[in-house]
Amino acid sequence: MPFETTPLSDGNEIPQIAYGTGSVWKGEDVAKYVDQALEQGFAHIDTAQYYANEDSVGTAIRQSGLQRSEFYLTTKFSDGKDVRAVFNDSLEKLGLSYVDLYLVHFPQAIQDDLEGKWRAFEQIKKEGLARSIGVSNFSVNSLEALWKVAKIKPVVNQIQFHPYNYVENKPILDFAEKHGIVVEAYSSLTPITKTPGGPVDAVLEKIGKRIGATPAQVVLSWVKSKGVVIVTTSSKKERLQEYLAVADLPPLTLEEIAEIEEAGAKGPNAGFTRRAFVRRILPAAVATALWIGFRSFTSTSPA
């Protein structure tokens, strides 16, 4: 069963999982990766002006042969005095007549003219060139500032979201729930890919055994349980299949969700237990000691 869609407050819907073309793919030709993602079943492609690869995303879309109604496309504004000119450039590179979602990539992109630039976003939506408009990387303070001037409110806020930053993101989630904003998550696999060895690891492994899932699938199941849309990426077909298979897993229990969040609240550095010390710190310390000893020996030995 594929991932479903989530309703947006403007009457549109967004697929619950997206293939992202940012991060490691910045400035690269991503056509083959996007093509692979579409073939595997991703219906939502996430790109941005900042990623400098909208043209190759467009190439993949054209080569896919998909009808426009068969995929969902997000891109983002990050730099430029004229929002409309930047947006038109994105459309041209993508080879599309409209995008499904247009985001402000980060608050700094519009802070020099918050109201004026958001008015440009609103006009793009009014003309049907973007079905929905939203933001990315906005804090509660940034959202509140925008809320004061926006006539058409943002329907999405895309943020970095994983168990280790859940507590600090809770105010953003609360604001989103109160104001009908759908949260999207990127870098959700951080506990596995960037900070392994932390307290979340054991919890993911235990839950994975119960539901027959990998640690990555458990993390994404947790994201899904929070009503948050997933944005993920990989160059490997097997990984994409692994991520999409999350839709078929049994739901996490309330106790399991709480366990993940409690472990995440400890922070990744809490994972430097004896095992982590032996595996990661001790070898480096031994190597340093040996090198110092060697240098001392050679400096006192006769020539």
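The backbone N, Cα and C atoms fix where each Cβ goes, glycine too.
Residues annotated as domain 'NADP-dependent oxidoreductase' in TrEMBL: 19-263.
Taken from TrEMBL, the feature active site, proton donor applies to Tyr51. Sequence-distant neighbours of Tyr51 (active site, proton donor) (same chain, 6+ residues apart, CB-CB distance under 8 A): Thr21, Gly22, Trp25, Lys26, Gly27.
Here TrEMBL flags Lys76 as site 'Lowers pKa of active site Tyr'. All protein chains considered, the CB of Lys76 (site 'Lowers pKa of active site Tyr') has 27 other CB atoms within 10 Å.
Per TrEMBL, the feature substrate binding site maps to His105. Sequence-distant neighbours of His105 (substrate binding site) (same chain, 6+ residues apart, CB-CB distance under 8 A): Ala48, Gln49, Tyr50, Lys76, Phe77, Ser78, Ser136, Asn137.
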